[in-house]
Amino acid sequence: GLFVTDYFTRTPRKLSPFRSFASIELFHFHIPEDTVIAVWNLITFKEQGGTFGDQCPDRSITVYFRSGAPSVINPLHTHFPRDTAVPGSFALTLTWTLPNRTTGVFNVTSPLPGDWFLAAHLPKDEGKISVKGLYEECQYLFQPQLIVQRLVNIAVLYPGHVTEQTMAPHNRSCLYKVFVPSYTSRVLVEVLRCRGAEGCPLWLRVRAKAPPLHNSTTLDCREHTPCQLAQDLPFWQHWYYVLVEKHPGVPGTVSFQVTVQLTDCSRPSLARPPFLPSSASMNMPHSFGSAGGLALGDSPPPTSPNDTKHPVPIPVTSHAGERCWPVRPTLRNELDTFSVHFYIFFGPNVSVPPDRPAVFVINLLPVLDSGGVLNLELRLNVSSLCGENVTVFGCLNHEVPLTSGDNTSVTCETESLAGFLLSVNATASLSRLRIPYPQTGSWYLSLRSLCATEHGFEPCANVTAEVYLRAYLSPCINDCGIYGQCKLLRTNNYLYAACECKAGWNGWGCTDNAEAFSYGFQLLSTLLLCLSNVMFVPPVAIAVRSHYLLEAAIYIFTMFFSTFYHACDQPGIVVFCIMEYDVLQFCDFLGSLMSVWVTVIAMARLQPIVKQASVLYLLGAMLLSMALQMDRHGLWNLLGPSLFALGIMAVAWTARTIRRRHCYPPTWKRWAFYLCPGALIAAAAVLLYAFVETEENYFYIHSIWHLLIAGSVGFLLPPRAKPSRRLGPLPRRKGCGYQLCVNEQEELGLVDPAVASINSICTS
């Protein structure tokens, strides 16, 4: 055949340590039909400060692959919520081969067509809280690339028609495909008139959706005469691929014929006529009891088709499970993103008769519905059982309905088909099923009632069970509970939802409490973070005593909003918010930085130099508000105004030192008992905040930060500014006299008042 190669790539993205599915990076690809091989080139490289991160440590990268929907992963081995089905996926771990770059390759032969999803993440870290901008962070970037090779012009087989083929000596195989419409119960592929050097040296392989593999359904035509390969319960509305492969080492030419017969389940004794689409393929609506909306099962033959309107069909052998039951459609009601309810006509109570199953179809839209959770709930009305020991079994299958071929079967699986089993009875009248990230398409639910006896389950007699059926699509499982938050995430144009847990809870639905915080621990943490702000009371008292009223007001502002911000910021249930979270956070950050600003400006003692010191206070408030609005967690946006205030203080102190030719403040007691201890306490607080604080020790380390910062303010706040002393004019004699002029008191930075000196005498 003729091959065509397609190439797809995605933009590199920064990977994050795994905490929940909300922290992974998701990549969406689409593989076209008739693809024979798909190769993913997985490129990973390190960056640090805009350059290659040769000094960054090697951290393993885990990549997950899944077809049809995102992978449901569990790298931390946490517990899933009850009644949750976990679909499988393939995982690959990348190791580093170069100091700053590594490449991995993942090959898939004959991949399923449609949507493919890749999820990647780093291992879980220790949860260190780093200050943004303090140092260059190591970044691990991941970029997947996809190369697909697909066949074009694959020969199409038409049901009921014979295709002749001659395989040349240099050819090893021939590939065909046939489309299977809805309401097809059986696909029969047959090789006829096979002639070769050694009889019929051919392998016959059949597979749905993609070209066959070595482990696909296979038949050796040497050992089976006639060479027929049947597929019961085929997937509806899909291509089936037929591979006729020659045995290795067989010389010469091999000629044969291939034919395909499709059995319409609405007419079990007749094959589908050639070129005649089924009622479903003609877009006829589902109708309760019509032949066009039927599911597989065992039932009396329906009315024969009108022979005057159809060509003469090809008779085939009748098999069990080739007849149909009516399929009841559901009404889709979209409430919000991933919030869809599926209503049953004449429901939600469903009657399940004893002699036949009740079949329903749920249609999930491609791409749009695969990012949520499919929920199914069955509730049995015990009063409808009339005292009988009845059990209602439900089978949920993808793309084809499955009802038991015999009355005693309670399984939802076959050799080529897997499903989910639900059951309700008088003892357990409620059954739930949750499927995270379901594959899109048609899901069929088949309900069957059986009575339990000593010999197993048998058909019930004259008992019609009534079941309440509820099916809906939700973003997360139980909205992640009280210890989680359901987040709506986006990767390019694909939306999906995931839980982000808190307070030590883990799991897909935040239901794993193995590491959860107890209520007492949550209460203690909240009290520590809130009551540690009481340490600002001594600085407020000192500021009021020293007549620093503006500084005292800012300290009170900081203490108030820091207390209620941390009361609202708690991850558990001990939470109290008096305002919106964002408002409390802004006021807390602004109050903390303003406290530093006004304290440093007060230490500068600018009153003799700048009469209007309130100008600097207002300037600081505006600069800090701007910095917080730009980046609330950025280091230099917050450190810049603080360094500016320290620069003003340094200039003021230097000017006084030069003018007075003496170190300022002039006394060693001020340095030894106030400035040095205050500076050391503030430095210790900054070091704890920047390098020691983690998610595990946040509660007590941040509380210590509150205590240290408030304590340093009490030491660093300068003493009370003494009022200027001027001697009033001496009594003047009439005619002439003298006036004594005294300059302003020099500020020595001492608590005790300084003695005013008379420097000049002016003649009046």
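Note: Cβ is positioned from N, Cα and C throughout, glycine not excepted.
No curator has checked TrEMBL annotations; they are predicted automatically.
Copied over from TrEMBL, here are the features:
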DOMAIN    499-510  domain 'EGF-like'
TRANSMEM  516-536  transmembrane segment
TRANSMEM  548-567  transmembrane segment
TRANSMEM  573-597  transmembrane segment
TRANSMEM  609-628  transmembrane segment
TRANSMEM  634-655  transmembrane segment
TRANSMEM  671-692  transmembrane segment
TRANSMEM  698-717  transmembrane segment
Checklist outcome for this item: Here the stretch out of 516-536, 548-567, 573-597, 698-717 with the most C-beta pairs under 8 Å to the transmembrane segment (634-655) is 573-597
Item to check | Residues in the domain 'EGF-like' (499-510) grouped by DSSP into helix, strand and remaining coil | outcome: 0 helix, 4 strand, 8 coil
Item to check | For the domain 'EGF-like' (499-510), mean pLDDT (0 to 100) | outcome: 91
Checklist entry - When you scan the chain for residues with a C-beta under 8 Å from the transmembrane segment (671-692), skipping those not six or more beyond its ends, what do you find? => result 131, 134, 665, 701-702, 704-705, 708-709, 711-716
